[in-house]
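Quick look at what Swiss-Prot lists:
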ACT_SITE  429  active site, proton acceptor
BINDING   8-37  FAD binding site
């Protein structure tokens, strides 16, 4: 067996988590680490295309070379398309640089080994916070975190903050504090007007290590097993299938691709696998189930007078966070941010951050190269529909207050099911499709050490394992999970 087709640790997916895991594992010079990425790869930050470092543009449009796109069913009556990162750094390399952590309360329903006090050291290890120095913030981590200066805020962001305070909502000075609640500035993984993904912050500084190898442009089609032990993967490389062997396979392909890879490998609900002609290795009912995201309804607003697009303005500078809701005053239309999308209004996002509805990711065919069947089952629960309307009312009231300043016209909002569903979208915060839980839980896929239950030599490290979706965007939490999982894999925990 040659060096080219073997590694001690084989990391599948060079997205947000995969870049962290590969960089941290390769800190052990005695371990060989190989990272496989389906999209584009770069040897240094100097090679990075400008659009991947520009936090004011979102290269996720229909013609983007940096994303995978998937057809999805948001509701039985509303189809859509989602985009996932297809480059080193993954979706964190193409998003709006929102870097809020999960709150202390979010971890109360996680396994006991993953409570807030257990994970705080890894949040801190991941970051250099440029605005706060306290026991809750890191000062020497790979990801810089900063908030937009008050005097540089877009007018809408400033008026939104003032309107929310005027409505009686608390001033949320530090949104990465453990019990964050209220209105305040959004933490961003940005430094010097540059989006710092985990590819830039973690992976590229490690590429000089002789024990770390990165292959880009290769698609993993299945995990290879000997019995129930993972011994490698099959990849599609320039149209040819190639096998790479490993002592330990770590799947970091995200909440869509990870369950899809497992299902194609024979790990998942036995009945579903049999229907598609896939041989069953492990009957794990939870693979692809419990899929959850943050549903979002966009309420339109219009500036009272035409305004020039501000070229260096983050898409989201302030936000209102409540127990189960997030209200997002976007500073620009997504038409101006995302190349190739249809004309859209400026909007304020009303987002359910603790939805009860759950969806699924299943095999649509036995072809590993085919797209999975993705059903969101959005707003199926009565609770979600009521919470959504509560959020819409709050957002409408805030827009009315902003309109009184003359900045925007008065909003026009309808509350019919048809109007709401026509504006329903997703935050692209996919989670939960291979959840972490107790071995006795038939729907758990990994244990509290990120090991696939019933398998050997196989771990999952990405947002698919989150037991519950955070009430904040998952990016910062994903980095924390990858930091802690790396420590577990290295035997430091």
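Just so you know, glycine gets a Cβ as well, placed from its N, Cα and C.
The model shown is predicted, which means the values in this text are computed figures rather than measured ones.
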Can you tell which of 20, 36 has the least company, meaning the fewest other C-beta atoms within 10 angstroms of its C-beta, among these binding-site residues?
36
What's the CA to CA span in angstrom from residue 24 (FAD binding site) over to residue 429 (active site, proton acceptor)?
24
Protein Cβ atoms within 10 Å of residue 24 (FAD binding site), excluding its own
23
Which three-state DSSP class does residue 28 (FAD binding site) fall into?
coil
Among the binding-site residues 8, 28, which residue has its Cβ surrounded by the fewest other Cβ atoms within 10 Å?
8
Densest Cβ neighbourhood among 16, 32 (binding-site residues), 10 Å radius
16
Whole-number Å value for how far the residue listed as 'active site, proton acceptor' lies from residue 12 (FAD binding site) (Cα to Cα)
20
Under 8 Å by Cβ from residue 429 (active site, proton acceptor), same chain, sequence gap 6 or more:
293, 294, 463, 469, 473, 474
Within 10 angstroms of the C-beta of residue 12 (FAD binding site), the count of other C-beta atoms across all shown chains comes to 28
